[in-house]
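Pulled from TrEMBL:
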{"type": "DOMAIN", "residues": "37-309", "note": "domain 'PRMT5 TIM barrel'"}
{"type": "DOMAIN", "residues": "315-484", "note": "domain 'PRMT5 arginine-N-methyltransferase'"}
{"type": "BINDING", "residues": "343, 352, 353, 411, 439, 440", "note": "S-adenosyl-L-methionine binding site"}
{"type": "ACT_SITE", "residues": "455", "note": "active site, proton donor/acceptor"}
{"type": "ACT_SITE", "residues": "464", "note": "active site, proton donor/acceptor"}
{"type": "DOMAIN", "residues": "487-653", "note": "domain 'PRMT5 oligomerisation'"}
């Protein structure tokens, strides 16, 4: 049964599994686990004592693999929904012992073939013995080429020790640091980031640093196996987790990672109390007639308690769930006319327009003193008016401040202009608003404006050509006029994003790796704080306006992170609308509850491995041509990447 109800959560993390040893009576084992409230079973499919070399009849026609159960014992849906296979832990495909290596390869292929025959959704592979796992990865990669839908979860202990720790010297027999993320990274690189290769993390009693843990949220972690040794005991004698473990489990819940309980029961809880709880008919995990009490049930109860403690998913996040880690092409509002549905989505962002209203109110108060408020009319031009939300915000600001306003609404999309006319008539604004159906760069204004208002910002600030548009429009702004926004800055930060990398890779061409995407980032690891890239200010009265830009940045990851793999860069913006009124999505200063912009993602054709304490040097260009604007980017340290999108060959924004 699910761990509980959480409003808006339909992810796999609602379901908890239990790990068991080899059991010839699979139906009995599964019934006991399900009747105790677990949702699925992680179990070996083949007798662990089996070795091909010692199975005398292995080469004969009568030989049968010593499996836990026939495929007929359970229905196909039971196998698929309630069993995750576990490959024998003894296999070692990188062993120096040739017989062991050959036995391991044969067994691995036999067990995966059997799991695939059972239509299991996933099968867990034992952890590599070290980062040097070439033969193991080669065999798994061969298997992956022939798999249809089943995922392979590589089991990795969540461990990172430092060279100076006495504990690590004992563990590694030589004082070398252990970072099991390196094991995973080596393995997935050897398997070319295969989409069906995922991770099952063993959660131990001690956890690595916060930054080291953060790397895993950009990886395809499907299960977190909570070892009972990692639980503490509370005052009543029941299992509980440390605060750090609790936070980690909560993060796993938010990232659709399923929890699996594993190990021996370490807590001596009276059977009477447990049975009373078990047979409570109000308990959603109660099964009529169930008399078996699973020894790991108290651990399941605690995990369910942690899940039920989570806050409901906010309404905005529930709206955004479908967009998580989904690649979208950025809008091209100059080249393309937006559709009604796009306008409607943006117009629902009340936070954005309330910020614009605040900015216009402050500008009006600064522009017109109270003494002349009744006699002075301020000319305000909304350039890129769309279907009128900024017109409404500006008129509301005028009403709020008691200022008189004359509005020009300039819009190039003829379809949006039709809606604008209807809005003006409906609201009775005919005497206040003049609609202009024209591109702002071509329009000859009949008078100069006091205030110029626009919402041309993209996810990267300038990526929807706000600089070019406002430079063209500022000719009808008074010399002392005000532009809203007055400035904006783009930011980037390096990220690990396995899913995004794989999604781009499916296109099998360079062009998609040289394209920027708008993405609601979720399964990503942010490896270093964002840094500013390009800044634009308006109005720009420079004698020679040049909107080309170049920036070289150097990122230093926290020293306790360990090494990392960079799949690309997340881009954000922060805009100053007017004085202290700002708007943006840069994480440290992001405007709360605003959904008009998701971050932008700049991929790398080949992921860059950044060793411990090595700087990451990145170079970004904003280039301008007669008909288009584009970005180019590359990494120069610790190893050089190709320059992406040279001359705008793959991705550009049309003027």
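In case you wondered, yes, glycine gets a Cβ from its N, Cα and C as well.
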Pairwise C-alpha maximum, in angstrom, for the residues (343, 352, 353, 411, 439, 440) that bind S-adenosyl-L-methionine according to the record: 24
Cβ packing number for residue 411 (S-adenosyl-L-methionine binding site), 10 Å threshold: 24
Cα-Cα distance linking residue 455 (active site, proton donor/acceptor) and residue 343 (S-adenosyl-L-methionine binding site), given in Å to the nearest integer: 12
Rounded Cα separation (Å) that holds between residue 411 (S-adenosyl-L-methionine binding site) and residue 455 (active site, proton donor/acceptor): 12
Candidate nearest residue 464 (active site, proton donor/acceptor) in space, where candidates are the recorded positions 352, 353, 439, 440, 455 and distance is Cα-Cα: 455
Most Cβ neighbours inside 10 Å, all chains, among the recorded positions 439, 455, 464: 455
Residue 455 (active site, proton donor/acceptor) and residue 352 (S-adenosyl-L-methionine binding site), Cα-Cα, nearest whole angstrom: 10
Length of the line joining the Cα atoms of residue 439 (S-adenosyl-L-methionine binding site) and residue 455 (active site, proton donor/acceptor), in Å: 15
Neighbouring C-beta atoms (10 Å sphere around the C-beta of residue 343 (S-adenosyl-L-methionine binding site)): 18
